[in-house]
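Report on the following structure.
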Amino acid sequence: YGLFVCLLLWGGSELCCPQPLWFWQGGTRQPAPSVTPVVVECLEARLVVTVSRDLFGTGKLIQEADLSLGPEGCEPQASTDAVVRFEVGLHECGNSVQVTDDSLVYSSFLLHDPRPAGNLSILRTNRAEVPIECRYPRQGNVSSRAILPTWVPFWTTVLSEERLVFSLRLMEENWSREKMSPTFHLGDTAHLQAEVRTGSHPPLLLFVDRCVATPTRDQSGSPYHTIVDLHGCLVDGLSDGASKFKAPRPKPDVLQFMVAVFHFANDSRHTVYITCHLRVIPAQQAPDRLNKACSFNQSSSSWAPVEGSADICECCGNGDCDLIAGSPMNQNHAARSSLRSRRHVTEEADVTVGPLIFLGKAGDPAGTEGLASAAQATLVLGLRMATIVFLAVAAVVLGLTRGRHAASHPRSASQ
């Protein structure tokens, strides 16, 4: 009798008995079927709730019209004789979202609000509210799409894209290490290595877009000599076959090239600075007329790329490589000034190596004079810098001495 009253009041067995109810069927004692009444699926951007029509496990099936989802009371999308199904967006039906230290929590509820059937004024099931919650990690990937193998979260990848470090270095003849001495004789070949440090960035392919040589660090100064132009054409190779790109590359983010040593006529400084505009593209992108590394072969009078099809170098001969502007790029002062005026973005940068000191031919007295002149200029610059540093240190020491002297001999109020 007590169990019967409890069932009428609460409409369920779990509140009335500490153990599951057992019933008799066909003369044998069997446990009630253990069917999960509510199944929740938390998808990438949607919420799926499947409700058993035997919601209370009593054998009394609920009506589809008595079920709703969320504060806005969304109706079911599908139903069968056994289940009722909801499928909504995470932000729909008035669902709430909460941000914790490590999760995004979407909360909603399933409401069963029975109505009297027909003209009857009685209910055989109770009103019930089932809380629903979906948790998503804030530092993970919840997409069903494949993850690109950067192996870092998206925000880290974005930061690493802003930290590309471009460099241009003078190397030994065997490319094994950086050349420590900046001196050359006429007839030598300078070995230059352009490189970009990519960090956690996806693989990149580096190109030397343009290079210009000047006697000072001012890349727009005069006189000047163009080494690379037209988006990767090593035009210095037209006058000396030793000037060319090295193929194949050691790595996609490294590009090496040789330049036959020269000096500027009627210039007593015997120094040269080389400024190059470097740029990168995704490694999977094929080289084209705007992204290439082409050398001139004097024996065959033709241009050849380090990689890519041969036709991308054809424009080096006729000068129409600049597809964006729609016109050939002239080797003039304006073209060299664009090295400095172009916007510095993460995919490109200007880098300078120098000064390279040229001594003339080996054993040439004129070369010794040039070395003495260059060394004298370097010595004068060093002495000036040392004098400035000495004066600055002396001023700081003098100020500290005066401060300590004043602190150790304070004046009285009467004085």
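Placement of Cβ uses the backbone N, Cα and C atoms for every residue, glycine included.
Cβ neighbours of C134 (disulfide bond) (same chain, under 8 Å, six or more residues apart in sequence): V40, C42, L47, L90, V105, Y106. Summarising the annotation, Swiss-Prot assigns disulfide bond to C42-C134 (among others).
Cβ neighbours within 10 Å of C93 (disulfide bond), excluding its own Cβ and spanning all shown chains: 19. According to Swiss-Prot, the feature disulfide bond maps to C74-C93 (among others).
If you look up Swiss-Prot, you'll see C211-C276 (among others) marked as disulfide bond. Under 8 Å, Cβ to Cβ, and six or more positions away along its own chain, C276 (disulfide bond) finds L168, A194, V208, D209, R210, C211, I227, V228, D350, V351, T352.
Less than 8 angstroms from the CB of C294 (disulfide bond) sit G232, C233, L234, F245, W303, A304, P305, V306, I312, C313, C316, each of them six or more residues away in the same chain. In the three-state DSSP assignment, the secondary structure recorded for C294 (disulfide bond) is strand. Look at Swiss-Prot and you will find C233-C294 (among others) tagged as disulfide bond.
Annotated domain 'ZP' per Swiss-Prot: 41-301, in sequence order, evidence recorded as sequence analysis.
Sequence annotations record features per position, and here Swiss-Prot assigns O-linked glycosylation site to T28 (among others) based on similarity to another entry.
Residues or ranges marked as N-linked glycosylation site by Swiss-Prot: N119 (among others).
Feature annotation from Swiss-Prot assigns N-linked glycosylation site to N141 (among others); the stated evidence is similarity to another entry.
For T150 (among others), the entry in Swiss-Prot reads O-linked glycosylation site.
Per Swiss-Prot, the feature O-linked glycosylation site maps to T156 (among others); the stated evidence is similarity to another entry.
The feature O-linked glycosylation site is assigned by Swiss-Prot to T157 (among others).
Its own atom aside, the Cβ of N174 (N-linked glycosylation site) has 7 Cβ atoms within 10 angstroms in the protein chains shown. Residues or ranges marked as N-linked glycosylation site by Swiss-Prot: N174 (among others).
Among the features that Swiss-Prot reports, N-linked glycosylation site is placed at N266 (among others), with the record citing similarity to another entry. A sphere of 10 angstroms centred on the C-beta of N266 (N-linked glycosylation site) encloses 5 other C-beta atoms. Secondary structure from DSSP puts N266 (N-linked glycosylation site) in coil.
The feature N-linked glycosylation site is assigned by Swiss-Prot to N297 (among others). Cβ neighbour count for N297 (N-linked glycosylation site) (all protein chains, 10 Å cutoff from its Cβ): 12.
As annotated by Swiss-Prot, pyrrolidone carboxylic acid applies to Q19.
The signal peptide annotation in Swiss-Prot covers 1-18.
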Check: So among the disulfide-bonded residues C42, C74, C211, C233, who's got the most Cβ atoms within 10 Å?
Finding: C211
Check: How many Å lie between the Cα of N266 (N-linked glycosylation site) and the Cα of N297 (N-linked glycosylation site)?
Finding: 30
Note to self: I'm trying to understand the geometry here, so how far is the Cα atom of N297 (N-linked glycosylation site) from the Cα atom of N174 (N-linked glycosylation site), in Å to the nearest whole number?
What the structure shows: 22
Notebook entry, point to check: According to DSSP, which kind of secondary structure is C211 (disulfide bond) found in, if we only use helix, strand and coil?
Noted result: strand
